[in-house]
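Here is the structure we will look at.
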Amino acid sequence: MENREDLKSMLPFLPLLLRSSNLFWPSQVVELLKTLSKGPFYSKVDTGELLFNAISNIRDSLALPSLHRLSPFAHEGYALFFDELISREEAAKWFADVVPTLAKLLLRLPSLLESHYQNADNLRNGVKTGFRLLGPQEAGVVFLGQELIGSLLVCAFFCLFPVSDRDDKRLPTINFDHLFEDIYSSYSEKQENKIKCIIHYFERICLSMPEGSVSFERKVLPLEQLPLCVFYPKADFWIKSVVSLCTLEVHSSGFIEDQSSGALEVDFSNKYLGGGALHRGCVQEEIRFMINPELIAGMLFLPCMEDNEAIEIVGAERFSNYTGYASSFRFSGDHVDERDVDSFRRRRTRIVAIDALCNAGMEQYKLEYLLRETNKAFCGFLDQSKCDHKRLFQDGGLKGSQCIQAGKDDDVMVKDFPMDEAPSTSVEIALNGEESVNQVIRYSDKKGSWCEDPEAKIGIATGNWGCGAFGGDPELKSIIQWLAASQALRPSVLYHTFGLKSLQNLNQLSRWILLHGWTVGDLWYMLVEYSSQRFNKETNLGFFAWLLPSLYAHEAP
């Protein structure tokens, strides 16, 4: 174990010790957890205040340095929630049944991690899947069992993760002290209900521990030239594309997470995965992390995303129902996730986190920012473990024996190689190392890939990404996502407008464009032309009205 690079990368961020190939808790921690596991009659922990005292004792036994001090009002937050905000019946059940089971789960954390590392190298064809820090520009995948994820989230609830090195590695918050502090320092019903979702998750796994797994993948479009790969496209890549636009299905109501077509669901992410989930945030990303709490585990080891990166998470189970949004968000009870599982025991819930420009204002109409947003979505939407390269290259207007490479100039660079040896994607090369090209090539025939359903036609389920608080133009963002999904060879986009008035003509516009046989390059050209005029104040129309004035003729004065 001492020689495992993946474990070495995580040890500074875990509360465990390693000696003689064994992970373990300090002996004082073991005794405290054993006491807690025997229930309130033995531990005397039967209130929120006493629970926080027990947490503090465990933290003291870990000898965490002064930099690891908790938020000033975390103590009051735990006391407020468990002693005042939930019923006495719920509190009694929590302290009698849930807290002891959580303590037992923490006691198992070392053995769960050891078992994970023993099996991590044998999941599929030598692909590294071990629990490790997946840093910037490091494409790769981590598979975690749901029981291991549960134990890691209990660590977060008990605020046991070291934090001193997290800022240096650009990692998001992971301990729950801010979540509880915020309910005391600035109480809101939404914050109370966020915590109720988390508490409900712990109640569920204590009743019946799920036995599946969840994969976390950092996806990268390399910025530098690599052999046999598609890397970060320049503007000419998009304007020269002759890939056909995919279908666009517009929904004015409903939610992304409720779609039943198996589509890849877009998380309107902060560049720090999870955004304000463990603080006061309560919009699209934060809500998703509350109803699918296993997503929070990714915040432990996935640093913030750069412009050419996305994060895809497959298998996170949903545990809660909810109503409302932002300040009106409310937990509304248990959710039984009935999505089936793949051969890796992952639920067929595919979520991709992509972060949009924040408060770009008029800058979002500049070419460099249009390119950034389109490439960000393209990185997220491109299936990194399989790619129909024949169609990608042929539809792209290139000969079947050529690989698209966006080089250092603006032009698309082309490199010849036999079609039957074409790689699936650049990310597979980055994931396995350049020396593993032969292994990557084998993925192109869909054999041995860790991605399930190689022949499945998986669309994109999305909505107003980067709009709202981030200030994005909804018309612009809808078209950008359509372009990216089409270039990634996705068969369809399920677009949820959430009733936004500015997108009421999106369905008519997309039908007109598809009827006229536009390609990705055609639509990109028009988007660039419009954006240039908008930035230079030559028009103040929205893109839809600028492109098809007839759609808005009835609105003229």
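Backbone N, Cα and C atoms are what each Cβ position is placed from, and that goes for glycine too.
Owing to the predicted nature of the structure, the values given are computational and were not obtained by experimental measurement.
Taken from TrEMBL, the feature domain 'PARG helical' covers 87-218.
Residues or ranges marked as domain 'PARG catalytic Macro' in TrEMBL: 236-505.
All protein chains shown were included, and the count of other CB atoms within 10 Å of the CB of ASP267 (active site) stands at 28. The active site annotation in TrEMBL covers ASP267 (among others).
Under the heading substrate binding site, TrEMBL lists ASN270, GLN284, TYR325.
Proximity of GLU285 (active site) to non-local residues of its own chain (separation of 6 or more, Cβ distance below 8 Å) is seen for ASP267, PHE268, SER269, ASN270, GLY274, GLY275, ALA277, ALA353, given in sequence order. If you look up TrEMBL, you'll see GLU285 (among others) marked as active site.
Proximity of GLU286 (active site) to non-local residues of its own chain (separation of 6 or more, Cβ distance below 8 Å) is seen for LYS194, GLY274, GLY275, GLY276, ALA277, given in sequence order. The active site feature in TrEMBL is assigned to GLU286 (among others).
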Binding-site residues compared (ASN270, GLN284) - highest count of Cβ atoms within 10 Å: GLN284
Quick check on the domain 'PARG helical' (87-218): DSSP residue counts for helix, strand, coil, in that order please. 75 helix, 12 strand, 45 coil
